[in-house]
């Protein structure tokens, strides 16, 4: 592994709101401190778990301004620069850079799809107009394009990207990415965005993980990373079984589907655990209620989280 | 049909660029005037054909500022307020409203998908924070959600939306939308975004069409609309056959796929016809070249466009 | 139009069962006679609406044996030879041919997908081993491959296929198929499998339709075909509006989704109208019950069918 | 783990053909013996890798008859009973049972899709009419339905199925299946159908694997299974890296896509290695040629297979 500042557990930060849908700074600081105290190796703001798609630009940079100040250099900060196509992403990159983050995370283009030529040119064009370390975010469930491992390694060798956050759910492609990256001299830091199969990603040779569930249980993901570093695979696996069960918080939701069930469940869990003050969501998503809250609470109790 | 100011042929305007990828105001004015002189009933800016996804906000509102001035009230102007989720769309709506447009066009949320509850709430939340006539843009190929006809008519009856631009390619759903809209007293103005089967949409009872191909041949779409108003179905059909053949400009492209082949072909045709000065595209898309240009030119010649 | 024996309205026949899930010959004969008396131009057995996927080979050829005898030459009979890949389809073709049908209907390969080369070879291989007129059945919802219009016309020119049943729901592709077929001298008889937009298909130049809904209302589809032949487009359109509303029988089902809602609704309607004795379905699908039956009955009543 | 006869490495057998597309019995016996000598724990015939979709029933049972005789009780034999819907699958089950196999493998219904109720009923109906151990084959790429882990465990507890072959590529769902199966007392034997991430599946608690690539390198899969049984995770992982690289045989194919590239590459590799006499495929698929053969050979050489 290279001497990159990016490795290990880097949670995508879930953002707490007040009941009136304004940023809850008190809860945000509590959650950030809780994760840093648990030993995470970095924090990723303005990712999908951070509701980036739901925030106006003003709201995005309010979050980033406060977050960078709260982190205060204790761990590296990554910022999502999520937007539809190249020029809009570059615009987000320029703004995020101004807030003093340590790295940028960009997806493939979305809304108006092209082919592989346009995807590769997209990342090269971002690089030409920015300076910070750049991570490619492979997220076909949102952007409807799968990033090709061979292209990613080529972009790494050319210095266009410094890493990959793979949330594609395609563990075959992830394995091949790790192998091809190794053959090329490890130009990329490769992270899995999976919560449930991080052990498999470590077996494949991942440089770290970016699990949304680490907002709820950062301790276990950090302990798992240390066990992997120590070669204690049985421990890696046992911790993963615990975390896979904890992820049931997202499976027990009945009231809605998609984003509101996923990040909605994370917020509800953090609220029930006392880290957040509410489980409020951004428009047009509603906070989970009633039986869904009770079901999430039951999963937390069954897994020793409260 | 109601007395709405929105009906008939409302092309989504393709935006010309210089070779250096700046806005080509001369060509834009030529193209706008050409369509208005042909008799179109409105113009739609910042739609997919207008490369809205590729423009920074600064570029979007530069286009809108110039376009509104060029149209100068001769026909109604619709503006796309295309963004990922509700609050970002509201932000775009507020800006577009300031430029003096006559109506707004919004898609379902994208990037972070929800279920039908979130989609319906999305349009209601936009309405609560805006005043102009609002059109729902049904475009699953870009946003990966199909709008339900029954929901659309309910939104129409509640005054949330005033119309629909249906680019879903689902003509069964379109028929049902027209029938349910009629049963409810026609609260919605319903437009098809299809280029190739506008005759079928008129049979179904459409209030008009929004065909990107009308940038190339506005005369035929206007003539087809007049034939429909006069009940001359044979003429409607014959014109459609001509336009279906003209749409082959997008079928003959070999160099790429997706947006670059579609809007890229439109730009190349307009360039070959002398309406545009180049066929330049926005990053990360490249302008078509060589054999693709020749093939598009051949289609134009075979269909009497040059 | 050529002098082909295949043109006009050719319903895919829905097959009645007894409560014990055996073939209900009495009801089958009643339904066949009802459609022939209404003036249909042919009948298509062992299609999707005929539950072909659910029948063992023994059951398939039992249906075909009885059906051919019941039709007794009054109209041409098409038989579906639906199976996974080429050799299995050829096997079905050989058996169907033995029962004295007039034409065969085959889909693209499914289960194990290939690319366009394999799809084209599939139809050529079937042709090499069979003699009857062969129709390509374009049904991506079941087989997950869309047939390319240019390939279909090439197969027509080479005498491989004599026609197409297009149930793709892609009316743009259908238009292009009709245009390319016309340019090539009309080697193919082109049918739409749509129930709801047959008027648009006639505008595009279809040679006929294969609507499952014609089991319920064969009279209107026949009348619509005659109006099309007479150039009376207003009548074509008005009949289509009636039929589009009648198709709501499939939209009101709540208990299940997919095949059981679609063909299940057709069977329930035919049962309520007295054409069928039950609405029984094949394993693993259950017959519709309770509120679904009531809702279907309401649609029939609102549309003058009972 | 229970005392089931099904566990460990059970390759889905690739079937050699002569140049004339007849069954190559000599090569089949050589390949079967090679895998059994390597220590595999069972063999699976008439799976996707065995071209089951391409075989007529006569051809299927010819394969099964010969295969069962060749295996001659040395290892348990599973047989695919792959067909569109329930009754057809039952028909296949009855025939396969007559040939003396030890277990049956069935997918969800395909071609005519239903919802979860129909999928569950499908497996229950098969059970009611058969006696042998039954495995659910989760293969959404072919059947377009994902099997729900909770449903599978319920079917296991009810004695409907005895195991699962998971080729879904969804490692999150696989993890949850293993956890839920464990909580229920391990009613199911759970196998991964992945070639490339078997180590991750073992971490999740799989009872074995069904890798098509084991036709090419059965030794490594057997060695990996033994290392897993011994808790030697580093060895499990290193072997997996070798096998992941060997799977590049399917990535280097340029001439086609889908099945012809996947199983076509396996056959080509086995031919180059001298296990098969040809790389012939079933209609409508063509054998790989020229550069594709050379590229596959290069992968074999780079990975010490020749």
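Cβ atoms are placed via backbone N, Cα and C, with glycine included.
Taken residue by residue with DSSP, residue B:137 (active site, proton donor/acceptor) is part of a strand. Counting every protein chain shown, the Cβ of residue B:137 (active site, proton donor/acceptor) has 28 other Cβ atoms within 10 Å. Positions annotated as active site, proton donor/acceptor by TrEMBL: B:137.
Feature annotation from TrEMBL assigns active site, schiff-base intermediate with substrate to B:165. Residue B:165 (active site, schiff-base intermediate with substrate): 28 other CB atoms within 10 A of its CB, across all protein chains.
For residue B:210 (pyruvate binding site), the same-chain residues that are 6 or more apart in sequence and have a Cβ closer than 8 Å to its Cβ are B:10, B:11, B:12, B:44, B:47, B:165, B:167, B:191, B:192, B:193. Residue B:210 (pyruvate binding site) carries neither a helix nor a strand DSSP state and counts as coil. What TrEMBL lists as pyruvate binding site is B:210.
Look at residue B:165 (active site, schiff-base intermediate with substrate): DSSP puts it in a strand.
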